[in-house]
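Lifted from Swiss-Prot, the feature list:
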type: BINDING; residues: 8, 9, 10, 11, 12, 13, 14, 15; note: ATP binding site
type: BINDING; residues: 59, 60, 61, 62; note: GTP binding site
């Protein structure tokens, strides 16, 4: 089990750090009183491997409970529980700027100067920082860069590469464009099986319909160009911090062309090792005569 304790200065980026760890599959708890760490650790270790990665945020908000941190860490060590400390730091100037921009009060100086609170906090956290396994100074890091730093330390390579979850979604324009779409492609320019008597009753999931749609040169050119564009977009979306991508492909009713094309794109992405799901939102709507969808 990997047990990470996240701490550091207020305003240094602990919230973003815990979100990044959560994206990496860590079970995360924010602001757990240090006195509860031993019992929490015991409970997690007793799950028999169901919980493999844990991250706790411990900070000055814990008040007097924070003083119990070292006793809890001593207990963990004596009981053989391995843990790591991640310390988030930043310069006084940057912290002051962040507090002013957020209009938040410093927890150790709610009615006084921000700098005084920062100084008090630095003194209280000095020993924790000295014990830290990893220290990240966020003074000059953008959110994306902090996420990358977290990934480099705590992420597994195959997990990082497949962290963007892709959903390929077919739909019918007559029922509305899916509201959560990131990319929308209109395939109503392709030959329509709906007007072929022996194909109308089937869907794009059926081989005879799929073969018909994919038999045209225009279809193959479109699929190839779309795949090339996705090969370019996906790593750049990931680089900018996107963790979910919804690719919506629409035709008139969402039963024939969009389904066949969505399946082709899904198979192509899957063959390249992406974590990808497929959903045909309106495949049965022409049968049920449903209304507008989200």
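Even glycines carry a Cβ here, placed using N, Cα and C.
All protein chains shown were included, and the count of other CB atoms within 10 Å of the CB of residue 11 (ATP binding site) stands at 25. Comparing CA positions across the binding-site residues 10, 14, 15, the one lying closest to residue 60 (GTP binding site) turns out to be 10.
Neighbour counts were taken at the CB atom with a 10 A radius for the binding-site residues 10, 15; the maximum falls on 10. The secondary structure of residue 9 (ATP binding site), as reduced to three states from DSSP, is coil rather than helix or strand. Neighbour count (other Cβ atoms within 10 Å of the Cβ, all protein chains): 28 for residue 8 (ATP binding site). In sequence order, 88, 90, 136, 138, 141, 146 constitute the residues six or more apart from residue 13 (ATP binding site) in its chain with CB-CB distances below 8 Å.
Those residues of the chain, other than 8, 9, 10, 11, 12, 13, 14, 15, with a C-beta within 8 angstroms of the mean position of the ATP site C-beta atoms are 17, 59, 88, 90, 138.
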